[in-house]
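Novice: Dumping the structure here so I can ask a few things about it.
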Amino acid sequence: MVDAIQVAELRRFVEQLKLNPSILHDPSLVFFKEYLRSLGAQVPKIEKTERDYEDKAETKPSFSPKHDDDDDDIMESDVELDNSDVVEPDNEPPQPMGDPTAEVTDENRDDAQSEKSKAMEAISDGRFDEAIEHLTKAVMLNPTSAILYATRASVFLKVKKPNAAIRDANVALQFNSDSAKGYKSRGMAKAMLGQWEEAAADLHVASKLDYDEEIGTMLKKVEPNAKRIEEHRRKYQRLRKEKELQRAERERRKQQEAQEREAQAALNDGEVISIHSTSELEAKTKAAKKASRLLILYFTATWCGPCRYMSPLYSNLATQHSRVVFLKVDIDKANDVAASWNISSVPTFCFIRDGKEVDKVVGADKGSLEQKIAQHSSSK
C-alpha cells in the first residue's frame, strides 16, 4: 500500500508543477523529467534570458524540499549543499544504441575492439567527441558489450553530458549487473546533476566492486551532501510526526469537549434529574458513559421519612459535584425502574460507572454517601 503522506506530498508537488512547470528543469529532477518523457509526455522548454544565466551564476544552488501546507508552522529551510560542480542537464536526443537482438560475429567483435582502441587513443589526446564516435561504432558492432557502454559513459562525463552517461551506464548494468565502471559512471553523472543520494548509492556499489582513487575522491564530495539531505529529511519527518500527534491530541480534546457539551446539555450539571421510565434511565446512563461520568441513582419515596432527610443533602451534593450525574427515582411513580433494580428499601443509592453498578449505599447514611461519592468520582 502506498504511504498516505507520500501520496499527499506527490499531489502537492503536481499542483506546484501546474503553477510553475519550470520546476521540472531543476537539475535534481532530471530523472523525473526523463520518466515523463518515456511515457510520451511533452516537457515544456523554458527559454532563459541573459539575466537568468547571470542569476544562476550568482546564486548558489541548494536542495529545496517541498513543505506541507497543512503542517501548521513547519516551513522547511533549504539545505546548504556544495553544488559547485553541478551542471545544467543535457537534453539532447538519446545517443545511438546497438540492437541487442542482433547476431554478433567474431569479425564484429574484432572490429568493435578496433574502434575501442581508436577511441582510447582519441581520449588520451583529449579528442572526446571523436572518441564518442568510435565508441558508438563499437556498440553498434557489439551491442551487448557492457564495457563498451560503460566506456562511452565515462567519455560523456568528460564532455559534461550526464544524462547521456546515465543512459549508457544503465545499458551497461543491464548486460552486466556487476559492472563497477557502470556504477561509477552513473554515480558521477548523478553527482553532476545534484542527485546526491543516488550518486552516493551508485558510488558505494562501485567502490565495493572495484575501488579506485577517483571513486574515493568523488565520495568525499558526494557523501556530505547526501548526509545533509538525509538528516534534513529525518528532521522534518520527525517534526511532521510530532505535528500529527499534536493534531491527533487536538482532535481528541475537541471530541472530548464536544462530548462534554453534549453531556452538559443532557445531564444538567449540578442538578438532580428525576427519572420516570426505564428508557429515560437508559438514555441518561448512556450519556454518562459517553462522557465518562460517575452516575448515582437515588431511589426514594414520598412516604419515606429518612428520604425526606436525605433529599436536601442529595441536592446539595449535586451542586458540589457538578461532574457527577445525580438521578432520582420515585419508586411509586416509576415502579418499573425500581423493579428492574430489585429495590427492596429506600433510600438506596446505586453508583454506576460505564453502565455498570460499582457500589451501593442503603439507608440514610450521610457519611457513607459522601465518602462513596468522593471515592468514585476521583477514580477515573
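Just so it is clear, glycine is given a Cβ too, placed from its N, Cα and C backbone atoms.
Okay, so Swiss-Prot annotates it like this:
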| type | residues | note |
| --- | --- | --- |
| COMPBIAS | 49-59 | compositional bias 'Basic and acidic residues' |
| COMPBIAS | 69-91 | compositional bias 'Acidic residues' |
| COMPBIAS | 106-115 | compositional bias 'Basic and acidic residues' |
| COMPBIAS | 240-263 | compositional bias 'Basic and acidic residues' |
| DISULFID | Cys304-Cys307 | disulfide bond |
| DOMAIN | 252-378 | domain 'Thioredoxin' |
| MOD_RES | Val2 | N-acetylvaline |
| REGION | 49-115 | region 'Disordered' |
| REGION | 240-265 | region 'Disordered' |
| REPEAT | 112-145 | repeat 'TPR 1' |
| REPEAT | 181-213 | repeat 'TPR 3' |
| SITE | Gly305 | site 'Contributes to redox potential value' |
| SITE | Pro306 | site 'Contributes to redox potential value' |
Novice: In three-state terms from DSSP, label Gly305 (site 'Contributes to redox potential value') for me.
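Specialist: In three-state terms, Gly305 (site 'Contributes to redox potential value') counts as helix.
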Novice: Would you kindly list the residues that approach the repeat 'TPR 1' (112-145) from elsewhere in its chain, counting only those six or more residues past its ends and only Cβ-Cβ distances under 8 Å?
Specialist: 95-100, 102, 104, 151-152, 155-156, 158-159, 175
Novice: Which number gives the other C-beta atoms within 10 angstroms of the C-beta of Gly305 (site 'Contributes to redox potential value'), all protein chains shown included?
Specialist: 9
Novice: Can you check which residues sit near Pro306 (site 'Contributes to redox potential value'), meaning Cβ under 8 Å from its Cβ, same chain, 6 or more apart in sequence, and list them in order?
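Specialist: Residues satisfying the criterion: Val346, Pro347, Gly363, Ala364.
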Novice: For the domain 'Thioredoxin' (252-378), report the average pLDDT of the model, please.
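Specialist: Taking every residue in the domain 'Thioredoxin' (252-378) and averaging pLDDT yields 92.
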Novice: Would you count the other CB atoms within 10 A of the CB of Cys304 (disulfide bond), including those on all shown protein chains?
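Specialist: Excluding its own Cβ, the number within 10 Å is 19.
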Novice: Using DSSP, how many residues in the repeat 'TPR 1' (112-145) fall into helix, strand and coil?
Specialist: 27 helix, 0 strand, 7 coil
Novice: In sequence order, what residues of the same chain, 6+ apart, have a Cβ less than 8 Å from the Cβ of Cys307 (disulfide bond)?
Specialist: Thr300, Ala301, Val346, Pro347, Ala364
